[in-house]
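Notes follow the structure.
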Amino acid sequence: MSSDLKSRFLQVYDTLKSELINDPAFEFDDDSRQWVEKMLDYNVPGGKLNRGLSVIDSYQLLKGGELTDNEIFLAAALGWCIEWLQAYFLVLDDIMDESHTRRGQPCWFRLPKVGMIAANDGIILRNNVPRILKKHFRGKPYYVDLLDLFNEVEFQTASGQMIDLITTLVGEKDLSKYSLSIHRRIVQYKTAYYSFYLPVACALLMFGEDLEKHEEVKNVLVEMGTYFQVQDDYLDCFGAPEVIGKIGTDIEDFKCSWLVVKALELSNEEQKKILHENYGKKDPSSVAKVKELYHTLNLQGVFEDYENTSYKKLITSIEGHPSKAVQAVLKSFLGKIYKRQK
């Protein structure tokens, strides 16, 4: 991804933001316009923008040539719709998880003037997506498919978040509920569909493809999303906070993390007892005991094995795809995340 394309992508953000804060469906005054602008700037463009940029990347690989200015704009607008969706999830997620930082700064709801207004801001972020789609895609033959796609992926993500929340109910900390299959279900729905399938599906629709003919592409991307989340779980504990932009709290939050699931699988009775007694507790000594056990069980080595095996499996699946252009899209995705540090 050239820095030129990234700067063009960011220019499209400014255009979309300006359209949204001048949306004729609502009479903005100075206060509301300033609020929304500040809220958007704080929550939408601050991440790595991988999901959004991937739409342009994927479309370019499918087309196989130079993109027109209009194609770049439309692919970027779809990319920003995904970033908006992500911002909406994260703003509400941070409230539910009582998080403190996100992307190296305080969570939006932690700002003194924001608080629980953040819940409504999340709803506004979510409602910005169909406004953008309507303005720029209403005349396109794939408009209805786009709306269906965003609605379905949002439903899948919210349902994944639900399984995550009800499985990690802090009131009844029951580690025996945690297994690789539960972890996989949470990850698939909560992360893989919107982070991996959605950007490629947007590019395929824009390219005139029928998504029903690309089930195997969806399957590979969901596998990739699972691999990505396992990396995330690993980095939450073993990554450097200054590199990943947040302080990991999966242990304190009793998260159904790949690490704890693997630890349960590899532990003897004595070690299981340590997990049951310390996992999900806020005090630093409990967290330290869990981390120490992770080291004892060599979860770093177990993760490296997992990473290598997953990579080989994914490459094999990708190379089985009949279209070289689709292979290129999938390989470009995999290349971005393989052995990442943040």
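In case you wondered, yes, glycine gets a Cβ from its N, Cα and C as well.
Sequence annotations record features per position, and here Swiss-Prot assigns isopentenyl diphosphate binding site to Lys48, Arg51, Gln86, Arg103 based on similarity to another entry. Positions annotated as Mg(2+) 2 binding site by Swiss-Prot: Asp93, Asp97. Residues annotated as Mg(2+) 1 binding site in Swiss-Prot: Asp93, Asp97. Summarising the annotation, Swiss-Prot assigns dimethylallyl diphosphate binding site to Arg102, Lys190, Thr191, Gln229, Lys246, Lys255 and lists similarity to another entry as the type of evidence.
The structure, with features from Swiss-Prot marked on it.
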residue : record                                 : DSSP class
Lys48   : isopentenyl diphosphate binding site   : coil
Gln86   : isopentenyl diphosphate binding site   : helix
Asp93   : Mg(2+) 2 binding site                  : helix
Arg102  : dimethylallyl diphosphate binding site : strand
Lys190  : dimethylallyl diphosphate binding site : helix
Lys246  : dimethylallyl diphosphate binding site : coil
Item to check | Using Cα positions only, nearest of the binding-site residues to Lys190 (dimethylallyl diphosphate binding site) (Lys48, Asp93, Asp97, Arg103) | outcome: Asp93
Checklist entry - By a simple count of other Cβ atoms within 10 Å, which of Arg51, Arg103, Lys190, the binding-site residues in the record, is least packed? => result Arg103
Next on the checklist: Return the count of C-beta atoms lying within 10 angstroms of the C-beta of Gln86 (isopentenyl diphosphate binding site), excluding that atom itself.
Outcome noted: 23
Next on the checklist: With DSSP assignments reduced to helix, strand and coil, which class does Gln229 (dimethylallyl diphosphate binding site) get?
Outcome noted: helix
Checklist entry - Which of these binding-site residues is closest to Thr191 (dimethylallyl diphosphate binding site) if you go by CA atoms: Lys48, Asp93, Asp97, Arg103? => result Asp93
Checklist entry - Cα of Gln229 (dimethylallyl diphosphate binding site) to Cα of Lys48 (isopentenyl diphosphate binding site): how many Å, rounded? => result 16
Next on the checklist: Counting across all protein chains present, how many other Cβ atoms fall within 10 Å of the Cβ of Asp97 (Mg(2+) 2 binding site)?
Outcome noted: 16
Item to check | Among Lys48, Arg102, Lys255 [binding-site residues], residue with fewest other Cβ within 10 Å | outcome: Lys48
